[in-house]
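According to Swiss-Prot, the [4Fe-4S] cluster 1 binding site annotation covers 13, 49, 82. Taken from Swiss-Prot, the feature [4Fe-4S] cluster 2 binding site applies to 141, 145, 148. Here Swiss-Prot flags 4-119 as domain 'MTTase N-terminal', drawing on sequence analysis. Annotated domain 'Radical SAM core' per Swiss-Prot: 127-358, in sequence order, evidence recorded as sequence analysis. According to Swiss-Prot, the domain 'TRAM' annotation covers 361-430.
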């Protein structure tokens with residue numbers, strides 16, 4: 001086979017990025033090289049997202065852009081991921097210019113298209129800066145949230161064995177990874193299927209022992225499986241950051257019940273109490289959905305009040321997406337007008353911006369450990385990094401004033417001087 005240049009495009013969440021990195025590893029052969037420029041590629045491989053409308057639109061737009069590049073050339077286009085899992089037949093009919101649509105169960109066979117025999121033990125190639133990487137600990141989800149298409153796409157919850165995850169984490173540490181980002185569809189449910197009981201703590205204890213790993217960050221915790229012992233465990237750890245991502249989706253019992261979330265507002269208050277008791281410096285990133293079909297103006301106002309009370313450090317706000325195949329799609333009409341949904345989104349976004357800004361102002365004068373991610377595009381010598389309070393490429397940044405040279409991946413002491421905007425701050429290296 002002739003030498004080939006492949007351009008990978010990974011859309012959607014970090015879990016999808018891990019899948020892409022695994023594919024890159026499987027295709028990492030002598031006669032194959034990778035390029036960030038789709039125009040110079042022989043093959044464009046797109047790993048799509050497809051669980052809500054904006055994600056589907058982005059995936060379709062990306063595919064169509066690739067189709068334009070294919071015109072008058074011999075390029076091949078391969079499309080895989082969640083969008084293909086949901087709509088393979090429709091995509092094959094509507095976009096025949098794509099050479100291969102590969103669903104999730106056949107993703108591991110993509111190397112065969114390049115005359116490469118699939119291997120089980122191929123190491124993934126990380127695409128993030130070498131000091132930070134994701135560790136996907138499970139696949140699929142056992143929850144049946146009424147609005148969510150993920151169980152239909154990704155299937156039931158399937159935990160990876162602790163031994164395999166420790167081996168993968170050691171491999172990442174040997175590459176230079178210092179920050180290990182734990183991702184899955186439901187991180188706090190880890191282990192139930194394999195071991196018959198929750199095993200997240202046991203997994204984390206193994207990961208903490210790995211030389212080179214300095215920070216462990218937890219994403220995608222589900223409120224119903226977060227308990228008091230969780231916060232006690234975090235308090236006693238030296239490597240697990242006081243940062244959690246825990247989507248609540250709504251605060252009101254009526255909506256939570258209809259969403260089939262498995263908890264009520266009382267549990268959210270409990271979680272906030274445990275956080276204050278054991279880890280008062282804990283940063284919480286959450287997310288909410290506005291415009292759910294049964295959400296009244298009163299429900300919306302109550303959720304605003306709860307958000308003001310909860311004082312989340314970071315909050316993603318999403319408009320309800322009416323997804324076919326979900327319980328909410330079967331049960332309800334998408335009756336709240338788009339204009340009204342946008343109004344609600346904007347109101348909560350503005351509320352959260354003020355909360356985040358005040359949180360950042362409270363950091364002024366404090367000394368924090370900062371991991372350096374890179375350098376400013378405007379001022380090339382100005383390092384940019386994050387404290388424990390910010391996830392990579394998601395939350396706000398820390399601009400670091402320093403007279404000493406620093407490298408990407410360094411963890412240095414920085415005293416926060418001021419806020420730059422609602423999300424970012426500036427500090428001085430100690």
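Every residue gets a Cβ built from N, Cα and C, even glycine.
Of all the Cβ atoms in the protein chains shown, 19 others lie within 10 Å of the Cβ of residue 13 ([4Fe-4S] cluster 1 binding site). Taking H, G and I as helix, E and B as strand and the rest as coil, DSSP gives the domain 'TRAM' (361-430) the counts 1 helix, 31 strand, 38 coil. Considering only the binding-site residues 141, 145, 148, residue 49 ([4Fe-4S] cluster 1 binding site) has 148 as its nearest partner by CA-CA distance. In the three-state DSSP classification, residue 13 ([4Fe-4S] cluster 1 binding site) falls within coil. Cβ-based neighbour count (10 Å, all protein chains) for residue 148 ([4Fe-4S] cluster 2 binding site) stands at 24. Residue 49 ([4Fe-4S] cluster 1 binding site) is surrounded by 21 other CB atoms, counting those within 10 A of its CB over all protein chains shown.
Apart from 13, 49, 82, the residues listed for [4Fe-4S] cluster 1, the same chain places the Cβ atoms of 11, 12, 15, 16, 48, 50, 51, 55, 81, 83 within 8 Å of the centroid of those Cβ atoms. Other C-beta atoms found within 10 angstroms of the C-beta of residue 82 ([4Fe-4S] cluster 1 binding site) number 28, with every protein chain shown included. Annotation for residue 145 ([4Fe-4S] cluster 2 binding site): spatial neighbours 249, 259, 260, 261, criterion Cβ-Cβ under 8 Å with sequence separation of six or more.
DSSP assigns residue 82 ([4Fe-4S] cluster 1 binding site) to a helix.
Long-range C-beta contacts of residue 141 ([4Fe-4S] cluster 2 binding site), restricted to its own chain and to partners at least six residues apart, with a cutoff below 8 Å, comprise 148, 150, 151, 154, 156, 157, 185, 186. Note on the domain 'Radical SAM core' (127-358): its mean pLDDT in the predicted model is 97.
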